[in-house]
Amino acid sequence: MLFATFCGFLAVSNAWAQSSTVDAYISTESPLAKAGLLANIGPSGSKSSGALSGIVIASPSNVNPDYLYTWTRDSALVFQTIIDQFTLGLDTTLRGEIDNYVGAQAIIQQISNPSGTITTGGLGEPKFNIDETAFTGAWGRPQRDGPALRSNALITWANFLLSENNSTYVTNTLWPIIQNDLNYVAENWNQSTFDLWEEVDSSSFFTTAVQHRSLRQGVQLANAIGQTSVVSSWTTQAENLLCFLQSFWNTAGYITANTGGGRSGKDANTVLASIHTFDAAAGCDVLTFQPCSDAALSNLLTYVDAFRSVYSINSGIAENAAVATGRYPEDSYQGGNPWYLATFAVAEQLYDSLIVWNAQGSLNVTSLSLPFFQLFDSSVAVGTYASSTSTFTTITAGVQDYADGFVEIVAQYTPSYGELSEQYSKTDGSQLSAVDLTWSYASALTAFDARAGITPASWGASNLTSTCGTSTGSGGDTVAVTFNVDATTVFGENIYICGSVDALQNWDPDTALLLSSADYPIWSITINLPASTDIQYKYIRKDGSSITWESDPNMEITTPASGSESYTENDTWR
Ligand SMILES: *[C@@H]1O[C@H](CO)[C@@H](O)[C@H](O)[C@H]1NC(C)=O
Ligand SMILES: *[C@@H]1O[C@H](CO)[C@@H](O)[C@H](O)[C@H]1NC(C)=O
Ligand SMILES: *[C@@H]1O[C@H](CO)[C@@H](O)[C@H](O)[C@H]1NC(C)=O
Ligand SMILES: *[C@@H]1O[C@H](CO)[C@@H](O)[C@H](O)[C@H]1NC(C)=O
Ligand SMILES: *[C@@H]1O[C@H](CO)[C@@H](O)[C@H](O)[C@H]1NC(C)=O
Ligand SMILES: *[C@@H]1O[C@H](CO)[C@@H](O)[C@H](O)[C@H]1NC(C)=O
């Protein structure tokens, strides 16, 4: 008892100390991180090593590891940070950088590369040379999160410009880039992808989550600027993505990061997905795994605890205090150490949660999130706690201290000149792997902003529903059906499908669903259809405004019973 009281006293006093430590760290690190980030952007960044205008280098490191390339993912996350800072009025000097990025991405999209051309899959190429030529070496490709993240950043920019009445630039310059990316997402989300760590070729939660966000945001922008021809097919695929997103939930209480890879699946992938799809207007919505949803908090706890025993710098740290975290506990890349951006992401998810709880004036404890909340109040019970209750005060103060603890870990292992590499040593916290990682700097800035209560623009996560139900992945009363059709086309022609049910657009050729030609001449699409139902359909061929239907009669399928494995229909164009 005496011991417990003593520990409790220490935890509280330490928490106060952490908070002021973090304040001091942020005030020195914030400008250094901003400068470090801008130094890595061409043409004039001091460490950008000759990168062309608007090109973000991943790191100036050109040997062990060689990161002197530009990744579509990293660049988009860096520019999401820059665009948020500019559009939220935090830094009014960044407009020229944003214009340069837009110019560079318009060029990068058109570069033929080992993944294909712009119309045959090239948008999934993960990285390019910094002189805007294709990287032709062996690599984990494609990586299908890149186009989604780029469009998310550009749509944030577009929405700001619309508020400035600059719709000409949005329609003429931004929309063509966004539309290329989102057509790619709509056509290819159901194909396998390398994950954000470029190692596992399967389906990946992060990729699916950011793809879902991109199509929702894209539909809103399309409606806002009158580009409505894409709305129906992008909405259909967004609904399919939201359904698929649920299937990553693991009943052990966390999100399995990848469907392949042969690991535990506990991975910063899922925490990063939560912060990069944060939408405060959606509250603690579980369908989109918002940062304060019970599923995302349970996942956070599982992820953090996976690192307690794998890094020796974490030994001896109390179970309810922050530790260093990395990509995933089985990681061995460059020694398999903690990553700054992963540790910052944990803090950011917690700060995002505090933003919502404070705005809503309450927090919910469910049986799923109970173990998380017990870190801060061992006697807390399932229920709703209004901000007037002492439980709310105790928990939010505890979460703030816990979150600050992750920033303090980073602070402890940041050198005095503020440099952030990719990794810090699991045995002594010293800097390892690529120096000056641009994404590390971006992750510092977004975590600091979230701690200050700064809320990014909404992307439309509110009020969504899924026929799949929440977090079960059971498919409800629908069943996934893949349609493959062998169809030879000429340049400019695409294959679509429509049919007798809502999910097949009720025979409307204008809104028929586009199939993917990734395995040409096989065109393919996966659609969630009502189970145990007779459904008629046809493929159609479109070239601009010209439409050709398959010959009669209609094709027919009886879908399997709900709960069945997915089903594949193989057809040949008639
Ligand atoms: C945009 O146009 C609207 C309607 O004409 C006007 O009320 C608003 O002030 C304009 N905004 C800016 C930033 O110019
Ligand atoms: C619209 O925004 C673009 C991009 O920043 C800028 O170049 C252009 O001058 C703006 N146009 C107007 C009318 O403000
Ligand atoms: C395609 O979507 C179906 C239905 O959601 C899903 O079962 C399947 O795993 C997905 N495959 C890929 C590679 O995304
Ligand atoms: C708590 O749960 C109630 C009822 O399910 C819901 O209306 C409310 O938005 C939730 N609040 C938070 C902060 O999750
Ligand atoms: C979501 O639905 C609720 C209830 O209909 C409504 O009050 C709220 O404004 C909606 N939120 C958004 C962002 O549309
Ligand atoms: C379609 O082809 C796939 C793979 O070639 C096969 O697994 C599947 O059973 C086929 N579907 C039908 C209905 O025969």
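Note that Cβ sites are derived from N, Cα and C of the backbone, with glycine treated the same way.
Checking TrEMBL for region 'Disordered' across the ranges 455-478, 551-574 points to 551-574. Cβ contacts within 10 Å of Trp139 (substrate binding site), excluding its own Cβ and spanning all protein chains shown: 17.
When the region 'Disordered' (551-574) is classified with DSSP, helix, strand and coil residues number 0 helix, 10 strand, 14 coil. Of the recorded residues, Asp195 (active site, proton acceptor) and Trp139 (substrate binding site) place their C-alpha atoms 12 Å from one another. Residue environment of Asp195 (active site, proton acceptor) contains 26 other Cβ atoms, counted within 10 Å of its Cβ in all protein chains.
For Glu198 (active site, proton donor), the count of additional Cβ atoms within 10 Å of its Cβ stands at 16 [all protein chains shown].
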